[in-house]
Amino acid sequence: MQMPEHHHRLLDSSDEYEEERAYDSTEKVQIIGVDEGSDADEYSVKAPPFSWRKLWLFTGPGFLMSIAFLDPGNLEGDLQAGAIAGYSLLWLLLWATAMGLIVQLLSARLGVATGRHLAELCREEYPNWARLLLWVMAELALIGADIQEVIGSAIAIKILSGGALPLWAGVIITALDCFIFLFLENYGVRKLEALFAVLIATMALSFAWMFGETKPNFRELSVGIFVPKLSSNTIKQAVGVVGCIIMPHNVFLHSALVQSREVDNRKIGRVKEALKYYSIESGAALFISFLINLFVTTVFAKGFYGTEQANSLGLANAGQYLEEKYGGGFFPILYIWAIGVLAAGQSSTITGTYAGQFIMGGFLNLRLKKWLRALITRSFAIVPTLIVALVFDTSEDSLDVLNEWLNVLQSIQIPFAVIPLLWLVSKEEVMGFFKIGSFLKTVSWLIAALVMVMNGYLLVDFFSSEGSGAFFTAAVSTFAAAYVCFIVYLIAREISFSTLRGKAKATFGIS
C-alpha cells in the first residue's frame, strides 16, 4: 500500500514497519577498537582491559540520568528537609541516593544487555491493555515532573529579571529549550552531553558558593551524614527524601541513553565492558548529585532550622528568604540561588523531552521524526504549565499546594516503572547471561518495596488531609482499588513466571 506523501516527511524511515530504536547506528559513539590490538576476538567472552580513554567515551549517559536527582522538585524537597529537620536527614539522603543508583544501574543493565530500552520491552512483553496503561502512567509521571521543572525555571527567570518577567513568560522561554536540544542533537550526542556538563557544573558552583557563604557547622554536618536519626516530627520530610529519588521517567530514560554507544551485545565481554564503565560513570554522576543536594539541604538547615520561616519555605520564596537572611554581598545570594535553580530547571526539562521521545516511541512503536516527537512531548507539558502559571502566578501558597499534588502524581507512578524493570532484568529469556542473581534481585525488590511503602504513607497522609465527604471518599477508594489491582497484576505476573520456570527446571532437569 502506498503511503501518503506527508507520511514520508514525518517518519524516520521509508519502511513503515521498521521498529523504533533509541539511536540509529549513525548516531552512536564508536567504542570498539579504542585502545585495543588488532585481534579483538578474544574479547567475545572476557572484557577488554581498563582504558581511561574508553571511560571518557562511555561517560555521558549517567550524567544525563543524574539530572532527575537535581530537578527543581528535588531542590524544593532538599530545602524543606533542611529547614524543618536540620542536618538530621543527611544520612538518609546518602542512602537514598545509593538506592537510586542501584535502580538506575539495573535500567542500564537492561538497555546494554538487550539492545532495547524499557518502553520497547514493555511493548513486547505485556498484553495490549497493560502496555497502554503503562504508557499512560509513564506519560502522566512525565507531565507532572515537567510541570515542576518548567515552573522552577520560570521562577528563576522571574527572580533574575527583577520581577519584570511573570511566570507565564518564563514558561514560554523555557519551552524554547527544546529547540536548543534539537539543534545540538543534530551535531551528535556528545554535544548534547557537553551542554549537560555545563549545566551540572553551573549548579555545583552556584550551590557550593552558597554553601561557603552560609558557613555551615561541619561537626553537625558530619554527624548528620554518618549517624542515622529520625523523629516523629521529621517523618514526612524523611519519606519525601526517599520518595523523590526514584523518578519513573528516569528509569525509562537511562535504559535508552546507554544505547548511544556502539556495543555488540552478542558478545559477553563487550557487555561486561560497557556495564563496568557505565557503573563507574553513573556512580560518579550520582556522587556529584549527592553533593549538590547536600549543599542545598545544609544551607537551609544552617539558615532556617528552628525558625518561624521553616514551615513556609518553598521554591518560590526561598530566594527571598535567603536574601533577607544573608543580605547582598559582592554577588547577592538571591541571584546565585536563581542561577542554580535555572540550570536545574533547564537541564531537567531537556531530559524530560528526551525521556518523552523514548517513552512514546517505545510503547507505541512510532517512527516519527525526532523534532515532531519532541514537539508533541513538549506540548503535553507546556500547555498545562502555561495554565498553571497564569492561574497561580500571584500566589506562592497555591504553587506549594500544586507542587504537593504533582509529587503525589509522580509517587503514584513509581511502581509502574520499577516493577516492569525488576521483572525484565530477572527474566533469562530477556537478559540471557546477564539476568540478575538472587541476592541482587532480593535487594532490588526490598528497595522497591521500601520506596512504594513510603510513598504509600505520603499518599494516605495527603489524601486524608485534603478532603472528606462521601463523594471524595468514594472517588479515592475506587481509584485506590483499581490502582492496587494493577500493581498486584504486575507483581503476580513476575511470581507466576518464576514459578512456571522453576517447575520447568525441575521437570526437565534444566540447569
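Cβ atoms here come from the backbone N, Cα and C positions, even for glycine.
Per TrEMBL, the features are as follows:
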type	residues	note
TRANSMEM	55-70	transmembrane segment
TRANSMEM	90-112	transmembrane segment
TRANSMEM	132-157	transmembrane segment
TRANSMEM	163-182	transmembrane segment
TRANSMEM	194-212	transmembrane segment
TRANSMEM	238-257	transmembrane segment
TRANSMEM	278-301	transmembrane segment
TRANSMEM	334-359	transmembrane segment
TRANSMEM	371-392	transmembrane segment
TRANSMEM	404-426	transmembrane segment
TRANSMEM	438-458	transmembrane segment
TRANSMEM	470-492	transmembrane segment
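Sequence-distant residue pairs (6 or more apart) of the transmembrane segment (438-458) and the transmembrane segment (194-212) include fewer than 3 whose Cβ atoms are under 8 Å, leaving the two stretches without contact. Sequence-distant residue pairs (6 or more apart) of the transmembrane segment (278-301) and the transmembrane segment (55-70) include at least 3 whose Cβ atoms are under 8 Å, placing the two stretches in contact.
Contact between the transmembrane segment (55-70) and the transmembrane segment (371-392) is absent: fewer than three CB pairs lie under 8 Å, with pairs separated by 6 or more positions in sequence. Same-chain residues lying 6+ beyond the ends of the transmembrane segment (470-492) with a Cβ under 8 Å from its Cβ atoms: 130, 133, 412, 415-416, 419-420, 423, 463.
Highest Cβ contact count with the transmembrane segment (334-359) among the listed stretches 90-112, 194-212, 404-426 falls to 194-212 (criterion: pairs under 8 Å).
Packing against the transmembrane segment (194-212) from elsewhere in the chain are residues 63-64, 66-67, 70, 180, 184, 288, 291-292, 295-296, 298-299, 322, 333, 336-337, 339-340, 343-344, 346-347, 350-351: each is 6 or more residues past its ends and has a CB under 8 Å from a CB in it.
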